[in-house]
Structures are given as C-alpha cells and as structure tokens.
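Here is the structure we will look at.
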C-alpha cells in the first residue's frame, strides 16, 4: 500500500507519494535527500516514533501507522548549506513585506465587522489550557518564527536556531507574566517547535496556552487590502477575569499582526541567519529588563512600546 507524506523543511513542504508500507525510515530519508540535498545521517524527522522513541532507520513505515498526508517536520543541514544560511532570505518573506502600522494609518480596531469576527473566535475557537491562568499576573503573548526561532535557516537541531537567552528570558518573564504562544501556523507545528526548543518541557516556567492561525482574523485595510492579524480581543474575551488591554503585551516581528491592538504590540527585531547572528543577538536579554520594569505598572496603556529602549535606558539611569 502506497503512502502519502508531507515533509516540512526550510520553510517549504515536500509531498512524497513514492513509498509503500514495506519501505523503511531510511528509504524515506533517501527520498528526502533527493528532494532537499540533506544527507540521511543529517536528517532528524520529528514525529516519527516507535514506542515513544525516534524510529530507527530499519523500521518499516507500515509499523508507524501513519495516516494519509501525515505532516512531518525535518531538521537537518545540507553539506553546503552555510552559504545558503548566510545568503539573503527570499524576496517575498513576510519580514521584508511588513509595513509600519503608523504609516498605514487605518482605523480597523473598532470596525463593527472586525469586532464581530473577534466575537466569533471567542465563541468558537477552542483553547487548550496547559497551565491555569494565575491571579494577579500580567500577560505576555509571543510570536514564534523570527521572534523566538529562526525558522528559515537550516540546522541539525532546533536549538541551533533558537534565539539567544530564550530560556533565561522566559524564566524571568514567568515571575510576573502568564506566557502565551501565538503563531500564524497550525498547532502541530507550534507544538513541535516548542518541544524541539525545550520550551514546553522546561521546569523553570510554564506556558499557559498556545494559539494558532485559526484564532487569527482577516481585516481589510485601504492600502494593503486583506491581511491576517492576531487580535488580542480573542484572549481578552475568553479570559476577561485575568487579562485586558491594561496588562497585556505582545511581541511579534511583524507589526501588522497587532494592527487591531497597536497599543499592546512591541515589534521585536527579527532573529534571522542564526549561524551568523547567534553570538551577537541581545534582544531578549534587553527585553527581559524591559518586562521587569513595566511589570511594576498598573496600566500598560500609558506606554509606547515603540520607544521601549528609550524607556528602559531612562529607568536604568535613574
């Protein structure tokens, strides 16, 4: 019986339909070598498990009970990939095509049709609470790709692509904030990334819940047309007894994602080309200090997160 598998690697998806249940994991890796150029010994396939452990190369695919069109994330680097890693990202990358909220000057926040979309998400979107919200804590909402993790570069493990100081940042933030992950991908990829980065299993902090692209809404802007955004109103509507505009901050490398809540968004510098920038990126280290400073406030609406570095410098100079 033939299998249909979808492999995600380097920001792209590859469909494999040439294998059968009698083929092995190694056969799959050989097929992936032909598609991606990554040698089998350098491939790590997330989600291919046998009795709770990564499946060995000689395990037959039929023994893994894979469903049709199962999606598998691959980690791994081409032999010649350093050149690719240091090269420019694709021209159509979201980071390049992003725009400044203030320049767009669109009044979308209070449009009735957008508020209705948020109401539908509040009613229909199912949130799996991983750890209960804590009384008196503020809320930190975090994007994943280019915020916590360089998702375009190639590496043998996710840890190599992790933004520096990630665990220290989350450990410190957890003292004052409930932490929510919100990525514009599907939940399977979010869970796989959080596991690979060691976020979902870290004993020093806990994630309250995670949201995927299904919690986002589409809004219309005069200059840019239809765009997808992350409305914090979905969270506030579902957890109004804990979170509001006054105690929520969101980090994202794409400013348009908080177009519905510009006052609550902080546009973080994107973490790209991890192999080149890993030793010099200090963004999370500085933002750790910023979060600690503003945690003392009762109302975040008096802040302008666009000038967070100026605010931090002023506070530290006192």
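Note that Cβ sites are derived from N, Cα and C of the backbone, with glycine treated the same way.
The shown structure was predicted, so the numbers you read here are calculated from the model rather than taken from an experiment.
For 3-81, the entry in Swiss-Prot reads domain 'Ubiquitin-like', with the evidence type sequence analysis. Confidence across the domain 'Ubiquitin-like' (3-81), taken as the mean pLDDT and rounded to a whole number, stands at 84.
Residues annotated as domain 'FCP1 homology' in Swiss-Prot, with sequence analysis given as evidence: 133-294.
Annotation source Swiss-Prot lists Mg(2+) binding site at 143, 145, 253, citing similarity to another entry. Using a 10 Å Cβ-Cβ cutoff, residue 145 (Mg(2+) binding site) registers 23 neighbours.
Broken down with DSSP, the domain 'Ubiquitin-like' (3-81) shows 20 helix, 26 strand, 33 coil. Under the three-state DSSP scheme, residue 253 (Mg(2+) binding site) falls in the coil class.
All chains included, 21 other C-beta atoms sit within 10 angstroms of the C-beta of residue 253 (Mg(2+) binding site). Summarising the environment of residue 143 (Mg(2+) binding site), the number of other Cβ atoms within 10 Å of its Cβ, over all protein chains shown, is 22.
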